[in-house]
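All remarks here apply to the structure that follows.
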Amino acid sequence: MESKKEDVRRKHIRLHMEGALTARDKVGVQDFVLLDAYTSESAFVDNLRKRFNENLIYTYIGTLLVSVNPYQELGIYTVSQMELYQGVNFFELPPHVYAIADNAYRMMCSELNNHFILISGESGAGKTEASKKILQYFAVTCPMTQSLQIARDRLLLSNPVLEAFGNARTLRNDNSSRFGKYMDIQFDFQGIPVGGHIISYLIEKSRVVYQNQGERNFHIFYQLLAGGEEERLAFLGLERDPQLYKYLSQGHCAKESSINDKNDWKTVSNAFSVIDFTEADLENLFGIIASVLHLGNIGFEEDDQGCATIPDTHEIKWIAKLLGVHPADLLEALTHRKIEAKTEEDFTRKTVIGLLDIYGFEVFDKNGFEQFCINYCNEKLQQLLIERTLKAEQAEYEMEGIEWEPIKYFNNKIICDLVEERHKGIISILDEECIRPGPATDLSFLEKLEEKVGKHAHFETRKLAGPKGRKRIGWMEFRLLHYAGEVTYCTKGFLEKNNDLLYRHLKEVLCKSKNVILRECFLRAELENRRRPPTVGTQFKNSLSSLLEILISKEPSYIRCIKPNDRKEPSKFDDFLIRHQIKYLGLMEHLRVRRAGFAYRRKYEHFLQRYKSLCPDTWPHWHGPPAEGVERLINYMGYKPEEYKLGKTKIFIRFPRTLFATEDALEFCKHQLVARIQATYKSCLGRREYVKKRQAAIKLEAHWRGALARKAIQRRKWAVRIIRKFIKGFISRNKPLCPDNEEFIVFVRKNYILNLRYHLPKTVLDKSWLRPPGILENASDLLRKMCVRNLVQKYCRGITAERKAMMQQKVVTSEIFRGRKDGYTESLNQPFANSRINEGDINPKVLQLISHEKIQYGVPVIKYDRKGFKARQRQLILTQKAAYVVELAKIKQKIEYSALKGVSTSNLRDGILVIHVSPEDKQKGDAVLQCGHMFEAVTKLVMLVKKENIVNVVQGSLQFFISPGKEGTIVFDTGPEEQIYKNKNGQLTVVSVRRKS
């Protein structure tokens with residue numbers, strides 16, 4: 001029986017595992033090592049996209065952190081987040097930069113070894129922000145005393161100063177780091193930060209004197225001009241407009257809306273004060289910065305002997321003042337050449353945790369000397385990453401006794417080794433060209449490359465390339481195959497940038513400078529050194545070697561930063577750009593190293609502690625060796641032999657799906673276990689509560705039933721008394737008021753009044769009224785009259801003067817037409833207008849002719865000729881004295897009200913009206929008009945004429961005056977449709993629609 005239950009339990013676990021795996025496929029995995037298709041770049045990008053769309057910007061590749069710049073604030077860098085990751089096992093929480101920082105700190109404290117965190121990526125990928133977050137994490141979570149607060153602030157505020165002097169706007173990023181930065185953070189034996197040290201690598205010095213289109217010089221120049229005090233700028237001889245300086249305006253974007261140089265200046269100024277720059281230090285520093293701007297504005301000319309001269313020495317005087325040198329010496333040094341170099345000072349440091357913010361692999365449309373050095377650095381760092389990862393993996397497998405064949409996975413390492421050999425060769429040839437006697441050019445350098453390294457498998461020029469490759473390589477270019485792909489470099493400027501010489505005469509002038517900073521940079525003892533200084537390439541190669549020595553001596557952590565798009569838009573994921581960066585960051589190769597053997601490994605104790613609930617033999621306690629417990633557990637779970645290996649202290653799981661299945665089974669088991677515990681506990685609590693409630697309920701019910709019974713008896717007695725009293729009152733309701741009917745009558749009155757308030761009439765025309773009882777008929781009549789009076793008063797108060805006038809007109813209309821003409825009833829709801837014609841619709845000439853009279857009313861009409869009855873569009877305009885029939889700019893007929901004999905219209909629905917005039921007044925005759933607003937027009941005319949009984953409503957026909965001795969006839973009839981026409985008898989026939997019955 002027990003065996004059958006166990007089989008059912010296993011089946012449920014397996015089914016749940018499959019469902020959970022499907023859900024996981026939709027949201028991605030937080031460690032790329034757990035990808036099934038780990039060799040597929042598409043699967044890699046797809047997992048990155050899923051997490052990015054859910055604002056999960058961090059993903060692991062083992063212990064390497066991949067960070068995608070979200071270009072928006074996600075709220076994941078709060079103090080509570082820092083506390084959440086503090087002291088927690090690396091894989092217990094989702095990936096985060098705080099996990100990397102905390103893991104490095106805990107390893108440093110527990111194992112007393114040095115550590116470094118390498119941050120790399122393209123410009124704009126968020127490298128600088130990542131380093132800031134790590135510094136903030138250490139500042140908040142590390143033990144801190146008041147005396148060490150200053151050291152912490154100096155570490156944090158060194159960033160604004162470094163960015164001001166080492167960052168600039170490029171085509172890809174408004175705050176692009178143009179140097180590599182290595183920062184050591186020193187801790188004491190208690191884990192308290194006690195100091196720091198910063199080294200910069202390969203600052204892009206050429207940017208000081210030249211910027212490409214759309215790019216700017218280093219931030220500090222623009223910040224000083226935008227935010228510097230007026231007194232400081234005046235002392236430095238500077239103006240606020242950056243367009244005045246050649247070194248700031250070559251990129252044609254000196255002022256950029258996305259950069260607030262004035263606010264940034266405040267941040268940098270505050271940082272200077274915190275990191276103990278004195279006013280004298282700042283004066284010397286800004287003197288050097290201002291002298292660079294003045295130097296860029298110096299104009300050189302050629303004299304008759306072909307020598308350089310400076311006609312305008314205005315800028316020379318400012319530079320001499322700011323640097324504390326004699327103007328004549330400076331002028332001589334700038335126009336005459338003495339070549340000498342200075343030696344380089346070695347650094348000594350003691351560090352525990354290092355933070356390396358380094359530029360990523362760069363591939364532009366045009367790649368020069370800077371990109372060559374940057375990519376060489378990335379080759380070395382990629383080689384270091386692969387070697388350290390390979391070494392760590394190999395050591396772990398050997399220690400655990402697990403067989404592993406890694407060689408086939410590391411072609412990338414071979415490429416890195418070859419690239420290192422090739423880079424060293426190119427730098428050596430470049431140095432030879434710089435120091436050899438005779439003229440050396442970029443073209444001769446390229447030819448020497450073809451001669452010395454032309455046979456290298458990863459080197460190619462236009463001359464050495466095949467027919468297809470030549471089209472893609474210029475005459476001054478060479479191509480290298482890096483670990484991340486091919487890059488074409490242009491040799492123009494290689495020799496000049498590699499030389500980087502400071503001529504002896506200039507060095508002698510600067511050694512005499514009163515500027516303290518310059519005196520520290522240019523020592524007089526160096527003038528005695530006659531050795532040629534190392535070239536930029538050699539300096540960079542040597543500093544990179546020293547950096548690698550530092551990194552090799554420390555335990556590594558890695559952060560690879562990726563920018564999702566070039567426009568810095570949040571939530572936009574550019575697949576092509578992402579694939580480009582995955583390739584150049586070597587992420588797929590690193591993943592293949594991590595997945596060369598087993599995807600997951602964990603100590604027996606931790607594995608058993610986490611998953612022991614999945615097997616009855618190990619739950620709740622396992623009392624034997626952890627290795628045996630793990631073996632019993634995985635046998636119960638049904639692990640296949642090819643899915644795992646058992647080491648000396650760890651279990652190694654090959655496939656991510658196996659781990660996912662185990663994890664999902666654990667989640668399912670947790671729910672079952674929690675449900676069982678909850679059910680048992682709730683049952684116990686429920687029984688306890690039930691007993692207490694049952695006893696209390698019995699007692700309450702007994703008392704409550706007694707109270708209800710007593711209350712019911714009292715209520716019944718009261719009801720009997722009330723009913724008896726109302727019966728007596730009803731019987732004697734018509735008798736005079738007495739004790740027997742008093743309460744009943746009061747109730748009836750009150751009830752009637754209360755009901756009446758819901759049935760009051762709402763308008764004057766509403767005649768409804770609630771029927772009163774017999775004893776309240778008189779009171780009801782009085783209330784009804786009062787209500788009607790109030791409604792009438794309220795109605796009268798609400799009538800405006802305009803509406804009153806209109807109602808008076810309606811009264812006149814009623815007196816004339818009510819019961820006499822069809823259509824009158826329908827016109828009642830149609831309000832009268834003051835006029836149907838705007839003054840703007842009347843011809844100005846007409847207005848001028850009748851300007852002495854005020855227009856009272858106007859309406860469009862159709863006038864029928866008295867002879868031929870031809871219809872013509874006219875306007876009927878009524879003034880105070882006369883009626884005018886107007887055609888455009890002419891007054892066709894003026895009818896004085898004194899000469900108006902009457903107005904005739906039919907009893908039908910037509911709009912015909914005839915204005916009769918007296919023949920003796922020399923009028924043209926009666927006016928036959930058709931009007932769409934006949935009731936309104938006639939009413940207005942009657943009220944203006946002020947004569948009684950002038951409107952005649954006729955039936956059948958009417959006669960009108962045409963001319964002396966001649967009359968016309970209008971016949972009115974009904975029919976299926978309206979018509980107006982001249983009949984055979986020469987009469988005007990008006991047909992109206994029949995009335996509806």
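Glycine is treated like the rest: Cβ placed from N, Cα and C.
The feature region 'Actin-binding', as given by TrEMBL for the ranges 429-451, 544-566, 751-773, 912-934, sits at 544-566. Annotation for Gly126 (ATP binding site): same-chain Cβ neighbours under 8 Å, separated by at least 6 residues, are Ser67, Asn69, Cys561, Lys563.
Non-local neighbours of the region 'Actin-binding' (544-566) in the same chain are 48, 52, 63-71, 97, 100, 103-104, 107, 111, 113-122, 124-127, 130, 172, 182, 199, 201, 351, 354, 356, 360, 376-377, 380, 384-385, 388, 572-574, 577-578, 581-582, 585, 587; each lies 6+ residues outside the stretch with a CB under 8 Å from one of its CB atoms. Neighbour count (other Cβ atoms within 10 Å of the Cβ, all protein chains): 22 for Thr128 (ATP binding site).
Take the mean position of the Cβ atoms of Gly121, Glu122, Ser123, Gly124, Ala125, Gly126, Lys127, Thr128, the recorded ATP site; other residues of that chain with a Cβ within 8 Å of it are Asn69, Asn173, Ser177, Gly360, Cys561, Lys563. The binding-site residues Gly121, Gly124 differ in how many other CB atoms lie within 10 Å of their CB, and the one with the most is Gly121. A sphere of 10 angstroms centred on the C-beta of Ala125 (ATP binding site) encloses 24 other C-beta atoms.
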